[in-house]
Amino acid sequence: MMGYFWALMSVLLVSGAQLMMKWAMVSLPPVGQTDALMSAFMSVTPGAVALVIGLFAYVFSMGCWYMALRRIALSKAYPLLSLSYVLVWAAAIGLPWLHEPFSVGKLAGVSVIFVGLLLVCLPDKKS
């Protein structure tokens with residue numbers, strides 16, 4: 001059971017990292033504008049903070065993933081990563097500052113991912 005806890009923590013952290021990185025990339029100046037980008041980091045702007053938090057979330061996610069893989073089979077753990085696609089999509093649609101459009105086609109695709117996850121991760125019925 002702890003393996004699933006660690007896998008879920010990894011998924012939540014990596015999902016949060018994706019959202020923070022997206023927000024940071026929208027908030028920060030382009031990489032080509034070196035002076036403006038450096039100024040954003042030196043001034044500790046919200047975009048720079050979001051970038052650092054996102055990177056740390058990735059690092060902690062890797063630690064959680066390590067703990068998960070020590071406890072559950074890769075064939076069960078790896079499909080759980082697809083839950084991140086579902087969470088990031090739903091959050092991106094729901095968070096107004098990301099300006100992500102909703103579409104029925106994308107909802108269908110995310111639903112297929114979620115159903116596939118259930119099929120892989122639910123216990124097999126023994127006959």
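In case you wondered, yes, glycine gets a Cβ from its N, Cα and C as well.
As the structure is a computational prediction, the values presented were derived from the model and not from experiment.
As annotated by Swiss-Prot, transmembrane segment applies to 1-21, 49-69, 78-98, 102-122, with the evidence given as sequence analysis. According to Swiss-Prot, the feature topological domain 'Periplasmic' maps to 22-48. The topological domain 'Cytoplasmic' annotation in Swiss-Prot covers 70-77, 123-127 and is backed by sequence analysis.
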For the topological domain 'Periplasmic' (22-48), sequence-distant contacts whose Cβ falls under 8 Å of one of its Cβ atoms, 6 or more beyond its ends: 54, 92, 97-98
Counts of helix, strand and coil residues, the topological domain 'Periplasmic' (22-48), according to DSSP: 18 helix, 0 strand, 9 coil
